Amino acid sequence: MSKSKMIVRTKFIDRACHWTVVICFFLVALSGISFFFPTLQWLTQTFGTPQMGRILHPFFGIAIFVALMFMFVRFVHHNIPDKKDIPWLLNIVEVLKGNEHKVADVGKYNAGQKMMFWSIMSMIFVLLVTGVIIWRPYFAQYFPMQVVRYSLLIHAAAGIILIHAILIHMYMAFWVKGSIKGMIEGKVSRRWAKKHHPRWYREIEKAEAKKESEEGI
């Protein structure tokens, strides 16, 4: 039986969740930036009006948190750091040259992707906690003013860090040819998988061989 040239990397439900986060994050990031930079208040028009921006910003933030927690449960087992990540980190120059397949035996996600995963998850947790504390008119009145002020600063810092992390994530997605297509269509070529994630590709081949054996092909 001939093998398909394409293999599934990301299931539909995970892709749908990912792009939902992308859309919501775009809206929340723009409105959040406008709150701290008055000259950019026009960015709140992404929600229609400045008033609607302030009202909807936290609700969309909650939506992002829920979606990311779903993704956390789905992907955390693939993002546990281990000693096999060390060669990737030690040879980062070669990785940036596109030679990661020569220096590291990468699984489904490389060390950089794992760091991105934990950065995003930790920042969204900080944003949730501080966001609830500063959320008027629902929760802010239950906290001392000093706590609200510090939470506002921490919320802003976490937001800036997360925005930068997402920008790096976007850049890397464009830099590694085939990544975006894989997240849109859910499939990548065997050649792509073998080059960028050889250990994961071997696991796929092993699973395919086992399935064929069980089916008596």
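The first residue you see is number 1, and the count goes up from there.
Backbone N, Cα and C define each Cβ position, glycine as well.
Noted in Swiss-Prot for the protein shown:
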TOPO_DOM  1-11  topological domain 'Cytoplasmic'
TRANSMEM  12-36  transmembrane segment
BINDING   H18, H169  heme b 1 binding site
TOPO_DOM  37-52  topological domain 'Periplasmic'
TRANSMEM  53-74  transmembrane segment
BINDING   H57, H155  heme b 2 binding site
TOPO_DOM  75-110  topological domain 'Cytoplasmic'
TRANSMEM  111-134  transmembrane segment
TOPO_DOM  135-150  topological domain 'Periplasmic'
TRANSMEM  151-175  transmembrane segment
BINDING   H169  menaquinone binding site
TOPO_DOM  176-217  topological domain 'Cytoplasmic'
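The two recorded residues, H57 (heme b 2 binding site) and H18 (heme b 1 binding site), have Cα atoms 19 Å apart.
When Cβ-Cβ distances below 8 Å are used as the criterion, the topological domain 'Cytoplasmic' (176-217) is approached by residues 1, 3, 5-12, 15, 18-19, 84, 100-101, 105-110 of the same chain, each at least six residues removed from its ends.
Contact count against the transmembrane segment (111-134) (Cβ pairs under 8 Å) is highest for 151-175, out of 12-36, 53-74, 151-175. Each residue in the topological domain 'Cytoplasmic' (176-217) has a pLDDT score, and their mean in this model is 90. Comparing H18 (heme b 1 binding site) with H155 (heme b 2 binding site), their Cα atoms are 23 Å apart once rounded.
Per DSSP, the secondary structure of the topological domain 'Cytoplasmic' (176-217) breaks down as 32 helix, 3 strand, 7 coil. Note on H169 (heme b 1 binding site): other Cβ atoms within 10 Å of its Cβ, all shown chains, come to 15. Cα separation, H155 (heme b 2 binding site) to H169 (heme b 1 binding site), rounded: 21 Å. Per DSSP, the topological domain 'Periplasmic' (37-52) is made up of 13 helix, 0 strand, 3 coil.
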